[in-house]
Ligand SMILES: Nc1ncnc2c1ncn2[C@@H]1O[C@H](COP(=O)(O)OP(=O)(O)OP(=O)(O)O)[C@@H](O)[C@H]1O
Ligand SMILES: O=P(O)(O)OC[C@H]1O[C@](O)(CO)[C@@H](O)[C@@H]1O
Ligand SMILES: [Mg+2]
C-alpha cells in the first residue's frame, strides 16, 4: 500500500509487520504511457545463461539487519539491478556523465563502467562527458565518451572529465540537458553534488521531461549517510598507511620522537579512525566528532608526556576538521567558504605541531623531535585499489540498470552489502559521522590506549545526540524505531 509522499522524491510504501519501502521516483510517476521494451540483456550471451538474472520487481533491501524477533521490519530500499522491461530504446538513449566536488579514487572507474555498461549491456553509444563539473553543462564543451576512450582510465587517479565546486545553476543546467537532447544524466559526487542532483531532478520533473537522473555517491570522507561506505574510502585508508608508517619510522628513530599525520576528514573522522585501526602504530587519533583539550589533567600534553616516558616515541593522527574550535581567533578563517559554500578549515596539523613543540620546549623543558606529515591530496589523487574498482563497477552498473528501467531521482548505493536505489533526500538530509559512543570508537580507544578526553557529562551529552551508526560502525540498536540504522 502506498501511504503518501512527503514530496515528489519520496514514495513510501508500507507492508506487514512495520515494513516500510522508501521508494524512488519512476518516469511513469509524471509521464503516462511511456512505451517499454524487453531488456536487451536477455539476448546477451554473457548474461542469458544466468538463472534469474533479472531482479524481481518486489525485491527490496532492509536497512536494519540486527533485529529481535519482535522488531518491526523497518525501512527498506529498492534492490538495484536489471529489470525485465526497460523504458528506453537503446538507440534513443543520449546519456551524459558529470563529476563534481573534490577528487576521490575510483572516479575514472565509475566513468569507465558507466560508458562500458551502457554500451555493452544496453547497446547505448551516445554518451557525453560534461567538462568540469556542474558549470560545464552551460559554460564548457562536452567530451564524447566511448568504450575505446575510457578503456584504460581506471588506472589513473582524478577524473578525465574534470570537476569543480560551485557553479550549480539548476535552470541553466536543465536548459542545457534539454537543448542537447540528453535523456539520462549520471551525476557522480558527494553530499553537495547529490543536493544539486536532487534540484536537477525536481526541475526536470517540473518540465515533464523524459530524463532519468541517477546519482553515484562519492566522498573519501565517507560522510554520506545510509550507504555502507563510499567508493575510494578503502584506497584512501590504504594510502594513509604510508604516511603513518613514515611518521612512525621517523618518530622511533629519535629520542622523544613525535610523528604527527594530518588526514582528510572535514566533518567526519572515518579516514583517521580506520587508518589508525589498520596501522596499530598510532598512539592517538583525533577526529572532529570527539572534542579534546591540550593542557591540564587528562589533556593531550599530559598524554604525550606519559607515552614518551613509556615508549620513547609516539604517533598522532589528526583529521583536518578536528579541534577547529581550539584554534585561536587569529588562526580562524572566520566565515571563509569555498565556491560550494563549504567552510574553509585552518591547518590543525600545523597548529598542533607548533603547540606541542612550544609546550615541551618552554613549559616542560623537554627535548622532543617532532615531524609533521601532511599527505592530504596524496590519499585522494591516486587510482582506486582492486576492491574499490570492483565496488565502482557495481555502483555504475546498478545506476545504468536503474536509469534504463525508468527509475529517476535516485542514488545508487550499497546497503548491508546489497546494491540499492536510494531516494536523493535520504542521502542529503544529514551527514554521516563517527559515533563516539559506538563500539568502533571504543575499539580505537582500546587499540591506541589514548584518553577519551571526555568527562562523564560529555558521554551523556554525546549519547543523547543519538546519531545513527553506519555499517562502518556496529553499535546498531535493534530496539530502535524505524528512523534508521
Ligand atoms: N544545496 C545545493 N544545491 C545545489 N547544488 C549544490 C548544493 N550544494 C552543493 N552544490 C553543488 O554541488 C557541487 C559539489 O558540491 P561540493 O563542492 O560541496 O562537493 P561534494 O559533492 O559535497 O563533494 P566533496 O565534499 O566530497 O568534495 C558544486 O558544484 C556545488 O555548487
Ligand atoms: O581542497 P579541496 O579540493 O576543496 O578539497 C578539500 C576537501 O575535500 C575533501 O577531500 C572531500 O572531498 C575533504 O576531505 C577536504 O576537506
Ligand atoms: Mg561535501
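A Cβ is built for glycine as well, from the same backbone N, Cα and C atoms used for every other residue.
Keep in mind that TrEMBL annotations are predicted by a computer and have not been checked by a curator.
The annotation active site, proton acceptor is assigned in TrEMBL to 221. A simple way to gauge crowding: the CB of residue 221 (active site, proton acceptor) has 29 other CB atoms within 10 angstroms, across all the protein chains here.
Taken from TrEMBL, the feature ATP binding site applies to 102, 165, 166, 190, 191, 192, 193. Sequence-distant neighbours of residue 165 (ATP binding site) (same chain, six or more apart, CB under 8 Å from its CB) are 100, 101, 102, 133, 192, 338, 339, 340, 342, listed in sequence order.
Around the Cβ of residue 191 (ATP binding site), 23 further Cβ atoms fall within 10 Å across all displayed protein chains. The Mg(2+) binding site annotation in TrEMBL covers 191.
For 96-401, the entry in TrEMBL reads domain 'Phosphofructokinase'.
Residues or ranges marked as region 'Disordered' by TrEMBL: 449-485.
According to DSSP, residue 191 (ATP binding site) sits within a helical segment.
The ATP site is set by 102, 165, 166, 190, 191, 192, 193; from the centre of their CB atoms, other residues of the chain with a CB within 8 Å are 100, 101, 189, 196, 340, 342. Checking the recorded positions 102, 190, 191, 193, 221 for a CB within less than 6 Å of any atom of ligand 3 leaves 190, 191, listed in sequence order. Less than 8 angstroms from the CB of residue 166 (ATP binding site) sit 135, 338, 339, 340, 341, each of them six or more residues away in the same chain. In the three-state DSSP classification, residue 165 (ATP binding site) falls within coil. Under 6 Å, Cβ to nearest atom of ligand 2: this is the test, and of the recorded positions 102, 166, 193, 221 it is passed by 102, 221. Residue annotation for ATP gives 102, 165, 166, 190, 191, 192, 193. The furthest Cα pair among them is separated by 13 Å.
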